[in-house]
Amino acid sequence: MRRAHTVEQVRSAEADLMARLPEGTLMQRAAGGLAVALGNFMGGVYGRRVVLLVGSGDNGGDALYAGEKLARRGAQVTAVLLSDKAHPAGVEALRLAGGRIGDADELAHADVAVDGIVGIGGRPGLKPEALAAVRRAEQHGVPIVAVDVPSGVDVDTGETPAEHVRAALTVTFGTHKVCHLIDPAASACGPVHLVDIGLDLPDPAATALQGPDIRALYPVPRGESDKYSRGVLGLLAGSAQYPGAAVIATSGALAGPVGMVRYVGPDAVAAEVRAEHPEIVAGEGRVQAWAIGSGLGDELDLPRIRALLDAEEPVVLDADGLKALDESGDHDGILATPHAGELGRLLGVERSAIEAERLKYARVAAERFDVTFLLKGSTTVVAAPDGQVRVNTNGTPWLATAGSGDVLAGLCGALLAAGLNPLDAGSVGAYLHAAAARLASAYGPVTAMRIAGALPEATRRILDRRD
Ligand SMILES: NC(=O)C1=CN([C@@H]2O[C@H](COP(=O)(O)OP(=O)(O)OC[C@H]3O[C@@H](n4cnc5c(N)ncnc54)[C@H](OP(=O)(O)O)[C@@H]3O)[C@@H](O)[C@H]2O)[C@@H](O)CC1
Ligand SMILES: Nc1ncnc2c1ncn2[C@@H]1O[C@H](COP(=O)(O)OP(=O)(O)O)[C@@H](O)[C@H]1O
Ligand SMILES: [K+]
């Protein structure tokens, strides 16, 4: 599991550790890891041209000491000091190792620019001189490696309200920060390389599941399982207007861990679902969970949905079904799966505001409605009412195709029916959905049905430890 901590948590863990270590130890650990990562990034050190963009704090100190280590191994290192307070001991160390102090013109010939402008002490945005240097690097096509975080992003929220660095690689220390996991900032990080500096950390502010976590959580049938004990999902979806949504959501559900799917909807739609999936059973019966909402259109029956929400079976609530949510209901066991537009309508907020502050609004919704919210989009955020947050970081923009949300709703419903709680069902579902999209798209266009079709193989690869 990838864990992300807040700046306050990192500062406190850092203070505890620094009290037990000689001064400067942590910065040397950070700079050592950064220098190695830079060498790997450049494919060598000797003769490489490195430009350090150095701000006023310890983030610049990390860059300077990493530059010192690279200069000792034969790199041509130039520091651009963006503040007259730039870490004095670091500047001296770089000079002694043969590095130089220069200006942003050096970027014209650089192999890499190192963003040591600000780290976890930074406010969002870049000052004019820093912004000009960053633009210069971009104009010359020089890749930027960010130290700890891309300068200018909001570290604790992942928001990017102002200008910021767009990194080709981010080298971070001790733990991930929230901005590494949540868009729009996460997209500005590039791959994130974590350097262990020995911090002892509390429970994280957000987590991201990885392959081993999926293996641990996925409900694999046992020897004594039968189709009922594996879980039966009721699917209330589709309409004359949107029959395809029912077919697609059923495809997602059948590609999950359930033993059976019961489809509930108009006869004509049931016939289409059965034609594609002869395995389904049409009509009501006992179920362990519901997936409600995909493509309901004219069939939207809010009193019926509210009755199902009040019953004890857990529910995935998607698309139009979300209209049945209210703040006063007793909503134990519900996973709501809106995209930004739908969440905006529920909260009375513009879609663009939700996209800019994904973490905040997922949390607000979970608290206000007392249900688990899975906010779809470039990074999927799953927020539980108890404050836990999981983020899915393996998505691909190819997922943005009509009907892919219906696949996810069906899959998450199947995971709920098989016994996972809403937080686990949402986060495991989002991970597998994205893994299937990657497999099916292979970096090219993909349709929702092909994503559903790739789900069993994507799941198999993860369970077999091949991914
Ligand atoms: N924690 C750890 O475990 C370890 C931490 N380490 C490293 O230390 C880093 C944190 O260092 P830090 O605390 O000195 O803060 P840092 O981010 O360099 O900013 C400093 C100053 O920048 C300024 N400033 C603010 N916003 C700005 C802006 N937008 N544009 C321009 N300037 C801006 C502001 O000064 P002001 O402008 O207010 O005078 C602020 O005080 C951390 O990210 C990691 O790299 C490792 O070495 C070891 C282990
Ligand atoms: N830029 C993106 N990067 C990664 N995943 C995305 C992106 N845009 C959308 N998605 C994912 O694609 C799916 C789209 O779902 P949704 O918006 O409900 O579409 P539909 O209603 O057409 O099924 C969601 O799982 C969402 O997280
Ligand atoms: K930085």
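Using N, Cα and C of the backbone, Cβ positions are placed for all residues, glycine too.
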Task: Pick the one from Asn40, Asn59 that TrEMBL also lists for the K(+) site with Asp115, Ser151.
output: Asn59
- prompt: Which candidate from Gly348, Gly405, Gly410 does TrEMBL annotate alongside Lys376, Gly377, Ser378, Thr379, Thr380 at the AMP binding site?
  reply: Gly405
Query: When DSSP states are folded down to helix, strand and coil, where does Asp115 (K(+) binding site) land?
result: strand
Task: Rounded to the nearest Å, what's the C-alpha distance separating Gly377 (AMP binding site) and His339 ((6S)-NADPHX binding site)? Just drop the number here, would you?
output: 6
- line: Those same-chain residues, other than Asn59, Asp115, Ser151, found with Cβ within 8 Å of the centroid of the K(+)-site Cβ atoms are Leu53, Gly55, Gly60, Ala63, Gly116, Ile117, Val118, Gly119, Gly122, Ala146, Val147, Asp148, Val149, Pro150, Val165
Task: Can you tell me which of Asp115, Ile120, Arg123, Ser378, Thr380, our binding-site residues, come within under 6 Å of ligand 1 at the Cβ?
output: Ile120, Arg123
Field: Of Gly61, Asp148, Lys376, Ser378, Thr380, Gly405, i.e. the binding-site residues, those within 10 Å of Asp115 (K(+) binding site) when Cα atoms are compared
entry: Asp148
- request: Can you see whether DSSP assigns Thr380 (AMP binding site) to helix, strand or coil?
  value: strand
Field: Contacting binding-site residues, sequence order - Asp58, Ser151, Thr380 vs ligand 2, Cβ under 6 Å
entry: Thr380
Field: Where the C-beta lies under 6 angstroms from ligand 3, the matching binding-site residues among Gly61, Ile120, Ser151, Thr380
entry: Ser151
